[in-house]
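Listed in TrEMBL for this protein:
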DOMAIN    A:18-254  domain 'Glycoside hydrolase family 65 N-terminal'
DOMAIN    A:316-695  domain 'Glycoside hydrolase family 65 central catalytic'
BINDING   A:TRP351, A:ASP352, A:LYS607, A:GLN608  substrate binding site
ACT_SITE  A:GLU494  active site, proton donor
DOMAIN    A:705-765  domain 'Glycoside hydrolase family 65 C-terminal'
There are 2 protein chains.
Amino acid sequence: MMKYNTGSGDLTNWIVEEAAFTPKFQGKCEAIFCQGNGYMGVRCATEESYTNQVRNTFVAGTFNKFDEYDVTELPNAADVTALDIWIDGDLFSLDKGSFTNYSRTLNLKTGEVVRSFEWTNRAGKTFAFAFRRFMSLADLHTMALHVSITPLNESAQIEIQSGINGQVSNSGAQHFHEGEKRIFDKQHLQMLQQTTQSKITFVHNATHSVVAGNETVGSRFAMDRRKVYMIYKADVQASQTLTLEKISNVYTTRDLTHEHLSLDELRSASIADLIASAGRGYNALLAESVAAWAGFWQQTDISINSQRDFDQLAIRFAMYHLRIMTPAHDSRMGVGAKGLSGEGYKGHSFWDTEIFLLPYFTYTFPEIGRSLLEYRYKTLGGAHKKALENGYKGAMYPWESAWMDDGEVTPVWGAADIVTGKSTKIWSGFIEQHITSDVAFGVWQYYQITGDEDFMERYGYEILLDTGIFWASRLEWNDERQRYHINEVIGPDEYKEHVDNDAFTNYTAYWCIENAISYYQKLKAEKPAVFARLNEKLSLDVEIPVLEERLAKLYLPQPTAEGVIPQDDTYLGKQIIDLSKYKAQEHVGSIFHDYSLDQVNQIQVSKQASVVMLMYLLEHKFGPEIKRANYNYYEPKTLHDSSLSLSTHAVLANDLGDTTLAYELFRRASEIDLGPGMKTSDHGVHAASLGGIWQIVVCGFGGVRMVGGKLRITPSLPEQIDAIQYPIYWQGNRLNVSVSKQDVSIVNETKKSAITLIVKDNEYTFTDELTVHL
Amino acid sequence: MMKYNTGSGDLTNWIVEEAAFTPKFQGKCEAIFCQGNGYMGVRCATEESYTNQVRNTFVAGTFNKFDEYDVTELPNAADVTALDIWIDGDLFSLDKGSFTNYSRTLNLKTGEVVRSFEWTNRAGKTFAFAFRRFMSLADLHTMALHVSITPLNESAQIEIQSGINGQVSNSGAQHFHEGEKRIFDKQHLQMLQQTTQSKITFVHNATHSVVAGNETVGSRFAMDRRKVYMIYKADVQASQTLTLEKISNVYTTRDLTHEHLSLDELRSASIADLIASAGRGYNALLAESVAAWAGFWQQTDISINSQRDFDQLAIRFAMYHLRIMTPAHDSRMGVGAKGLSGEGYKGHSFWDTEIFLLPYFTYTFPEIGRSLLEYRYKTLGGAHKKALENGYKGAMYPWESAWMDDGEVTPVWGAADIVTGKSTKIWSGFIEQHITSDVAFGVWQYYQITGDEDFMERYGYEILLDTGIFWASRLEWNDERQRYHINEVIGPDEYKEHVDNDAFTNYTAYWCIENAISYYQKLKAEKPAVFARLNEKLSLDVEIPVLEERLAKLYLPQPTAEGVIPQDDTYLGKQIIDLSKYKAQEHVGSIFHDYSLDQVNQIQVSKQASVVMLMYLLEHKFGPEIKRANYNYYEPKTLHDSSLSLSTHAVLANDLGDTTLAYELFRRASEIDLGPGMKTSDHGVHAASLGGIWQIVVCGFGGVRMVGGKLRITPSLPEQIDAIQYPIYWQGNRLNVSVSKQDVSIVNETKKSAITLIVKDNEYTFTDELTVHL
């Protein structure tokens, strides 16, 4: 059971609480209480173990491929979070005996998780337990755990086994060699494990300090297969406290910061770091991390004055996760669709990054936005490989992306088909091609918002040109229509496979080619050195005329008489069925209990926003009537079976003036992970949805939009929200935007200027002055 | 808590019962209630899951090597025993709520395990649960599970998830590719998994029949990573019963019986078998298996009339396990040191086979004894490889043996060293060389007991000659003593590494060379065709003169003035410490909590029988005074930290006339797995110890011994045992031997003859007549 109003005083709307523990719902808080720092992410599995628990530790970018049949994935690294606690010889578990005052809190401000309860065992002895842990934001390699156990009414023997456990796997797939185990000075544990295919060595270290009353508790150490651990045993008197402090760190040979070290040097350095950290102790290490978090929140915090406090918590929750999932420290790495919070989607990056996450970073932490786009630049090798394999030119980005040169890593087989009983083939890796436009869009948007010419010259222009070249090569001539088609694709609506002329794909491809042509012209005219280099590399003078010829003849699906743009060539002719049963379901994908994917393909039902998404991204291309017509047509046919769907609909509803609906969609989007539904986040948090929450607040209610290279701020608050305040960066200027129902104030903190706009008749009036002044 | 007197009537002393369930002791019954048939072994993990449970399914001979750093091992195959049972939405576990009348029984007569209890959940609803399961002895590929759940006081919703789960591993080492999953007819589950290195494909099938009251329960199916499963959900009224019957089978491409099929054919055939089996149903399949077990028991059952009923149960328990662990169906496979009951020792075969297990089979199921020795013949390739790698000639058997040509597979690294904190190096694979003599001894003993000339001509002579050649090449000339030494070895006492002239090794090597010479002479004289073939293969005419020269000068440690044969060149000069602390410990290996292996090497402390073992095997070489002197010297220094130790000491004590001590050692040996100690069998049952129990009864109390090619029966019953009755085969004759304190009767069932000997003055009097008549 989740509780959202636990924080008070300074911590009001900063605390997420799990106020009751139910093992069947443990996946929820494992994922949403995930801790990390972008370097690593550790799922918040409880220290004691339960059946069906998922205990994950991921280090960003350390991809490994289990075998030739599998795709590469982020391996689940050796665990240091599990403790076996034996009370009077019985393994402690909340399933046994009874407990009261259970509370587990995630403090979004500090990144610390605290869990406490009183537990009475079957012999009637009661104990107070408290667990605290964090992954440091100040030292990306370090995590710390603090446990205290106090027998309240009778003395007890307490034994704790704690160490480094490499028996974990990714649902059975083992990515590591067993490796070498070592205990230094009878207390400092070390385990080295190399990944089987990518040959990345992980160095894990852990050390403990265990005290009962005022006395150090005696220990033994032991090794088992893939395990090295300590055993502490003490007789603890009633009202005495046993405390265990466990400091751990992890380094890998993929770390940029340690590339210059040999493995032996890395082992020694990491053990030295461990001993130094342990010397400072849990509270001092926490203070360093909290200071780093304070810097983060100072730059990013948003205030929402809502009738529902949850909204304030939800936006902070979203930004907390956006930070811990993102490898800001290393531009060779992308963001996984589940961040680092679960095995779902294997740590791969999707279009989620550019379309859902990137706007947050571009507007708030431009340097992180840049890093994520540099990652795409560094994966161009894989994109070229994919294009060549498919008979195309240029950069054809992989639908799922992992390490730099991996290319396409989408798995080929998925869940069971209801009709055939076979695994369903996943076609996205072959034919979901709009990802290439999405990446280009992210680059262009970043450039427009930041004006980062250095980025563009080094990386950005090349991506824009190379993706344009891909699209031109991808087109297929249709004799009948005398137009270029894009056949046999999947658009954003993945419930329609093998369609021709998916509107989203065709329109964004058009945009992409058009953009490439225009930057070609600009570079040629304005930046001869850059042009020369790229012309040499990409044969622009040969390729761009082709783009020009094809662009003019690229087919763009046109609105029907009712203003509806056909999602693809056949969608509007398909069967319409009653979808209310599936729209009402708590679990996504329920339509597959009744229909196979082939059957769903024949119905006017969509997984998520597709035409609607197009109208959000290229909003200047479509007027309000067209937007409304399409929204009204497609939304009822959309099951929102993707977490990417709600935020887009929310922003569009807000754009269309339906703030009531927008707020309702915001509410639903903000509850996907954080809400009271206890089964939604088992495989990890929904990264894109969290980015979408930020977009609803800032781009939807807050009205921020980059249109044609200009900043437009047209806020529109729903009834439930009285005011919001958010920071954004625009062209290097930090703006603090305050929106209330009375006025909008924009303070340019960089230039120390400010403007205020007054609301009239519930409509904000803007002048060009805004953009001029900025 | 174990209970041993549960069986009554026909089942008296056939039932082992776990009368209380304590999760921390679950390893005990997982191992000792293991079920199987030599083709496969399935650990008896409970259907519902608990923390620290070890769920194993092994198919004999399917070795796979996880990576280049690991040794090959028996992979843990996909599991079909686990069920997730949800009662009113809560995952069922005995940790929750309360339960009464818990009972889990292993019926040694039928191989069936039955578990039942009443469980009351936290909402106060009470349910009667019953689980039954068996692995068929009639159809080696089939296993069956029968579950019934009855709400006793209130109706409840019951949901069961059951299928095939390939997420299991060997403590983290994953041996299988994910493989293909398939559901036929929305009900028959199939999963194909290939081992990663040895490329053996496992075909798993499972199907269910689920009924509540009289109605079939509706189902859904699902796939997950490495998993395919069904979901059944029903509302069950109070006093109605939900029953689930699950029939499964497993085949592999290593199966000899299916070698002629393509994988597609094997898939189809196995599904057809599954459907046919499911059609017959649990009870019919069980009846077929029970009939097969009846045949087994008819051939092997032993009766022990003891003051302690446990003894009767214990000998049956031993024979039950000897049967289920032994791949009698396929002579390409050996027996693992833990059988198929756990991951311990990785499924590898040791000297345990020839010295501890083989006598049981040779005397009781000679065809199985032959099969196990054929396995050694088939591993000669590996033995030659090992000899060559070490610079020797002939057959140097691997200390640990797996698939035919694998050669040495002993792991190199073991547990943590208390002093250095590093993994201890395991030297056995390099220098524990007596295994070669042990194999030869097993061959010779089998031949003497069975007279199986066909076996000898095909396989046996070659092994005896080839091992003799190895030993001659292995000797090292010592100038000082003008004798051949065997330096730098480990004898059976593994607490002494790198010793010179280990008595067991030198004496058995001597025996081995001597034997080779004598069979060379015999073949040359009596079997010219066999001789010619082997002479060609092994260059006997060149090699044997070398053996003759060396044998004469091979150093054999001689008794001291007190009659003690030095265990090795330095043992008797080492420090003597007080071992009482370690002898009193329940857990083996406790000396390593205080001393490192290097330190233990410097103390007169032994892990297990070594000189004493020598006197058991080559008993005619040593008189009773020497035996007594050595027993009295070494036993107090022996920690019996190996389960191989007690039975040898028991037989020797009996030989020496100390039947009281012999019975005490028998009691301890028989309790190693079956006894009330709940932590002894976690990694699997102790195969050698189980064979040793049979040897104490038949060779110790029953007095059976082959001496110089003749059968000698000199029984000697301890006070606690009034009578025993056992069958043995001697030279193709089935003998039924009845021993009481009054007389010994031997019935030759084959020749329909019988003799009875009368006991006088508590001593049995034998004449040569016995051997003459047989």
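Using N, Cα and C of the backbone, Cβ positions are placed for all residues, glycine too.
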At the Cα level, what's the spacing in Å between A:GLN608 (substrate binding site) and A:GLU494 (active site, proton donor), rounded? 8
Residues A:TRP351, A:ASP352, A:LYS607, A:GLN608 [recorded substrate binders]: greatest CA to CA distance in Å: 16
Using C-alpha positions only, work out which of the binding-site residues A:TRP351, A:ASP352, A:LYS607 is nearest to the residue listed as 'active site, proton donor'. A:LYS607
Chain-internal residues, separated by at least six, CB under 8 A from A:TRP351 (substrate binding site): A:TRP399, A:HIS434, A:ILE435, A:ASP438, A:VAL439, A:PRO492
Near the substrate site, what residues other than A:TRP351, A:ASP352, A:LYS607, A:GLN608 in the same chain have a C-beta no further than 8 Å from the centroid of the listed C-beta atoms? A:PHE350, A:ILE355, A:PRO492, A:GLU494, A:ALA609, A:SER642, A:LEU644, A:SER645, A:ALA688
Please identify which of A:ASP352, A:GLU494 has the densest Cβ environment, defined as other Cβ atoms within 10 Å, among these recorded positions. A:ASP352
Please work out the mean pLDDT for the residues of the domain 'Glycoside hydrolase family 65 C-terminal' (A:705-765). 85
